[in-house]
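Asker: Quick paste from Swiss-Prot:
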- S112, L113, L114, P115: (6S)-5,6,7,8-tetrahydrofolate binding site (BINDING)
Amino acid sequence: MTKKIVFMGTPFFAVPILKSLYEKNYIIPAVYTQPPKKSQRGQKINKSPIQIVAEDYNIDCRTPDTLKTNKEEYEYLKQLDLDLVIVVAYGQIIPKEYLNLAKKGFINIHASLLPKWRGAAPIQRSIMNLEKETGISIMKIGEKLDTGPVGNIYRIKIKDSDNAETISTKLSILASEKIIENVENIFEDKLTFKEQDDTSATYASKIEKSEGEIKWNDNAESIIGKINGLYPSPGAFFIFKDERYKILKAELGNKSGEIGEVMSNDLEISCGNQKSIKIIEIQRQGKKPQNINEFVLGSQIIKGSRITNV
């Protein structure tokens, strides 16, 4: 392949897509990713998954703090004479002036069915809002976040057993399987991009840790959505006797009682719509994850306990 493509991405989600492009032998003169971050204790520098892969492939990996007002990176990209730039969960806004630096523009792979769930956390928000399906949208990058015209949408079902981790994996694999045919169609001018319907747009704002706290007066289905949508991080949690408990996996139960009441020793907890959730896997603050059978052996949370943070 003689076409030159720059790839911009950061998390594991983006890795299979970069691998697909590399294995197709496109010329990839550079990869952009977020700068390495220090660990919490400051002893280790953690590179992004994309940086690790790019270095393994001996691709020039560039990690600017920002592209905005960054003349050096602008000039670098300009001199590459690019055909296309592909962006997958890069984590930075692409400045308007960059968008003319590639002959076929900047293409973004977004993890939602646009115009639904524009923004930073589409996978989490779709699960938390009890959507039955999600997917990926292949779109042109415009001046505003996730508003550009869409070329293709690919859908998958969200199963009851899914969480943000499993859906992320499924969508990443799906994108890696679909990217080559879309890139080739872009180069051959065979892919038609259609403007989004802004009136149908919803927004997937960044997840805040505080959102993970479970309100037991919510309905049981919404609580399950929160648990699944926030797994593995930051996680859904409750406070009992000043200790935090993260619920890693749960399912709908069949008991009802007072809001926040523990209905059985294996932690079936009553919710706000006369339904309950059954905890399957849980993690006590500072401890390792446990399945519920292990957890209840030494737990202070027993039948008749009341979790009152509603």
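In case you wondered, yes, glycine gets a Cβ from its N, Cα and C as well.
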Asker: Taking the Cβ of each of the binding-site residues and counting other Cβ atoms inside 10 Å, which one has the highest number: L113, L114?
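Answerer: When each Cβ's neighbours within 10 Å are tallied, L114 tops the list.
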Asker: Please list, in sequence order, the residues in the chain of S112 ((6S)-5,6,7,8-tetrahydrofolate binding site) that are at least six apart in sequence and whose C-beta is under 8 Å away from its C-beta.
Answerer: R118, P122, I123, S126, T134, G135, I136, S137, A204
Asker: Taking the centroid of the Cβ atoms of S112, L113, L114, P115 ((6S)-5,6,7,8-tetrahydrofolate site), which other same-chain residues have Cβ within 8 Å of it?
Answerer: H110, K116, W117, R118, P122, G135, S137, D146, V150, I153, Q196, A201
Asker: Just to confirm: which same-chain residues, 6+ apart in sequence, have a Cβ under 8 Å from the Cβ of P115 ((6S)-5,6,7,8-tetrahydrofolate binding site)?
Answerer: T147, Q196, D197, D198, S200, A201, T202
Asker: Could you tell me which three-state DSSP class S112 ((6S)-5,6,7,8-tetrahydrofolate binding site) falls into?
Answerer: coil
